[in-house]
Amino acid sequence: MISGRGAVDWMRPALVMVAGAVCLAFSVRVAQGSIPFYVLSLGLGVIWAVGAVWVGGVRLGTSSGRARRVGFVSTVTALGVAASFIVGGYLAARVPFLDDQIDELISRTDHAFVLSLFLVAAVTGVAEEMFFRGALFDVASRSLSGDSIRTVAATTILYTVVTAVTANLGLTLAAAALGAMVGTARAYSGSVIPAIVGHLAWTVATIGILPQLI
């Protein structure tokens, strides 16, 4: 049960997630490369970034005694995320009930706007991590008495639920996997940086590499 103080802690994150979900739902339903697409996508990034600050801010966790661990975890996370999604995406594209979902995602990158799409996705991805593995992670950790396993699970579930508004099963499953991986990196390192690096690796893998293999 969430205490009165805990309920107050969750009010702002809840409002940010609702706003983000609404913006995300609209952004995936407009033409790629159109002005509304860029406005909504960048607007989504603003919601996550401003929301992170509003909820409580983002602690980088890069003190001198932790910098080496943060660097190591960032490297391992980036390699693990990229490899997992390249292999996983390649195999998922051959599963009957997922192939159309994967094709839809890939088709959104198969045009002249790949560079601009990558930049927008990277900016939005960094903002997502600032919120979900930054400010929201801290709120969840306080509510769950510092239990890192439950905190990773809670933030991953919330991230997946928000992504589900896209109505794309492949993307929703990807969000669950990505959330678990970067959430674990956040918990182990004590820093949001490995989560950001992991998300950027996911962006490179899904926009820059996977479309060339499928």
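Backbone N, Cα and C define each Cβ position, glycine as well.
Feature list (source: TrEMBL):
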- 113-204: domain 'CAAX prenyl protease 2/Lysostaphin resistance protein A-like' (DOMAIN)
- 12-31: transmembrane segment (TRANSMEM)
- 37-58: transmembrane segment (TRANSMEM)
- 70-93: transmembrane segment (TRANSMEM)
- 113-136: transmembrane segment (TRANSMEM)
- 157-182: transmembrane segment (TRANSMEM)
- 188-210: transmembrane segment (TRANSMEM)
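When Cβ-Cβ distances below 8 Å are used as the criterion, the transmembrane segment (12-31) is approached by residues 37, 40-41, 43-44, 47-48, 51, 54-55, 131, 135-136, 139, 158, 162-163, 165-166, 168 of the same chain, each at least six residues removed from its ends. Secondary structure of the domain 'CAAX prenyl protease 2/Lysostaphin resistance protein A-like' (113-204), assigned with DSSP and counted as helix (H, G, I), strand (E, B) and coil, comes to 82 helix, 0 strand, 10 coil.
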